[in-house]
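Swiss-Prot has this to say about the protein:
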ACT_SITE  E319  active site
BINDING   H318, H322, H328  Zn(2+) binding site
CROSSLNK  K245  ubiquitin cross-link
CROSSLNK  K478  ubiquitin cross-link
CROSSLNK  K518  ubiquitin cross-link
CROSSLNK  K579  ubiquitin cross-link
CROSSLNK  K590  ubiquitin cross-link
CROSSLNK  K596  ubiquitin cross-link
DOMAIN    522-695  domain 'Jacalin-type lectin'
MOD_RES   S361  phosphoserine
Amino acid sequence: MVGSKDIDLFNLRENEQIVSPCLIVHGKCNKQNGAKTVQVQHPQLPPITYPIHNQFFKATVILTPGENKLTFVTDTNTARTIVCYYTPLTQNPPVHLCLILAKDSPLQFDSPREQKDREGGNGLELAIKKLRLGARLMQAYTNEQMLRNSMGNRTFPFVEEFTWDTLFERPAMRNTIKIHVVRSEKTVKEIQDPDIAQQNSKGKNTGALFGIAMDALKSYGGPFTNNEKPVQAACMFLDTHWDGKLIRGHAALGGGDDSIKLAIFGSHGLYSWPTCLEQLVPYFTDETRSSTSEVANDCNECGTYWECLTITLGAFMHEIGHLLGCPHQESGVMLRGYTTLNRSFLTKEAYSVRTNSTGASPPIFPKEECTWNRLDTVRFLYHPSFTLPQDYYDPSFMRPTKLGGYPNIKHSVYPLGNGSCRILSPTGIYLIEIICDDLARGHIEYLPVSLGGQGPQREVIVTLDDLRARLPKNELAKFGNTFKLKILSVNAPETEFDKFPSLLDVQPLDMSKYGFSKNVQGIKSPLYGRSDGGNAVGVVAFDVRLVTAVRIYHGYALDGVRFYYKEKPTGTKDAPASKPSVPPRNYFSKITHSIKNHASINEENLKSVLFGHETQNFTDATLEPGEIIIGFNLRCGAWVDAIQIITSHGRMTDMFGNKDGGGFAELQPPNGQYILGVTGRVGQWVDAFGIIYGAL
């Protein structure tokens, strides 16, 4: 907080480095002299005036690259000057903001006659102005939320260009948000087809607008084709229309694929959005009743102009949240908490038809505002669009570099007995969510050291008791034995484990029936591949310390594996097992000591066990004296595509089979334990594969 005798600023410090082009500055006038307004003055920008209530104010401020000298002056001549520095992070992946037009679009959006008279129409240029300012408000709001969650000043960038900036009443040439005007191949009639309107309960294809937007972007070309990384795009359909019963040409959707991450929305509420910053407070407090003969009352929550602005701006931001990787949450923007988005910019709320009240009392404290859920902000922290330069000075951060197209890495879960398990991630786990009825009700986060955490973890031990203790009592009663676990890692797709408690409810296997000592017990790992495919094989046991060679049967998938081992001399006792050595876990680095393939196995005096099928196509791998198998890497999906053997000497074989098939998974017993055998399911080839592990 920057303090002075007369004015305090709560969320802006002297000489602070800012990465958002727009801020919501919270302040208080300590001098009780009846100040009603505060004006923000900037040497390069027009002044903007904001109201003061109960001595508090919220001022939405635009910044220019470099030094920004901001002076806050009340109408009673109380003043405070502060300097901050804005640095656009052009290296971060931006969001492209787009208006999608039908090929025969009249270039107009829905607007009541009164509003058209006030704003001078409802054409394309006005839509661009409104969308540009709305995007700046989303950036400012998100930056404030990240700051409140102790993650620093961070927000996502939009694509910008040097052109006429319309954020103020008087346009000027400077950097501002670029609005792509994208023509669709579809006509107005096709876009407004009731069958593809999302809110039409009888519609036959209510998700079609998402595909129409995707096709329009790809036809537009430029940044939306032939890119190395997925492109992020937030699109509004200009030709959305309220016909008195249905909003046509509108869908609120967010998601995408590895080429385009996409959010779409309709323009049915755009009439209520401000066109410039000077209109921000008047538009957020405009109690004019919506005329449903002219414009839509979306979800019956847009009874006034200001409520329409709040709902539609917030709902579009909700879809951008999906674009940025956020699922629905139990609270906040990703639930439907954006019905109070207006409060983040105001110190006094207007009358709400939706609630039949004047809402929060002045000056509207942060606890009464809409929020990004904590889990959203953690996702943003590990999203490439939110990167800060100083993140790279913290080795524990493991900064993400990809928006999609990840290597298909599967997390490994190893039950340990007693309701506990070990979770492995090759890239580092930063968040574990406990999912009850599709919503996260508890979580464990691994923030970087610079933000007070321990950094993403490649190995985590969790217990059912700890996970259940993180659930609210009502959720625990309903879902304590059935909750899902969702694991998020850096540069990797999310992984969900259904009915997670049952996964840990394992019964140790008595391994004495397989030739081990009486006290040896084994635990089955989860199966990778198709866990309901083929036929169950049971346990194929072997003493890994006696294995000298492996024969892998493979073609375009894994057919089988035969383990050759020395027979233990009669009458000898098991030697005490020493702790197996653990090689480095960087399986993506270049392999310099690979096991020799196609070696001839001398089968004399060797026994063997077979998992799967024996075929004419195989590769042999021979172990060195004292070398044991400590794990396997797999490529798997609907079956097991390929297998790689890892040894205690830090060596790995090639990936035998279809090395480009499926996703990557690893199987290794917990530290101090050994592989006691393998298990899985086999059909025409190996459908699923797992290990048995335990102490020796």
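Each Cβ is built from the backbone N, Cα and C atoms, and glycine gets one as well.
Location within the structure of each feature annotated in Swiss-Prot.
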residue : record               : Cβ within 10 Å
K245    : ubiquitin cross-link : 10
H318    : Zn(2+) binding site  : 23
E319    : active site          : 20
H322    : Zn(2+) binding site  : 19
H328    : Zn(2+) binding site  : 15
S361    : phosphoserine        : 12
K478    : ubiquitin cross-link : 14
K518    : ubiquitin cross-link : 8
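Within 8 Å of the Cβ centroid of the Zn(2+) site, not counting the listed residues H318, H322, H328, the chain contributes G254, E319, G321, C326, P327, V333, M334. Cα distances from K478 (ubiquitin cross-link) to the recorded positions K245, H318, H322, H328, K518 are smallest for H328.
H328 (Zn(2+) binding site) falls within neither a helix nor a strand when secondary structure is assigned with DSSP, and so counts as coil. Of the candidate recorded positions, K245, S361, K518, the one lying closest to H322 (Zn(2+) binding site) when CA atoms are compared is K245. When secondary structure is read from DSSP and collapsed to three states, K245 (ubiquitin cross-link) falls in the coil class. Cα spacing between H318 (Zn(2+) binding site) and K518 (ubiquitin cross-link): 58 Å, rounded to the nearest whole number. Nearest neighbour of K518 (ubiquitin cross-link) by Cα distance, taken over the recorded positions K245, E319, H328, S361: H328. The CA atom of the residue listed as 'active site' is located 24 Å away from the CA atom of K245 (ubiquitin cross-link).
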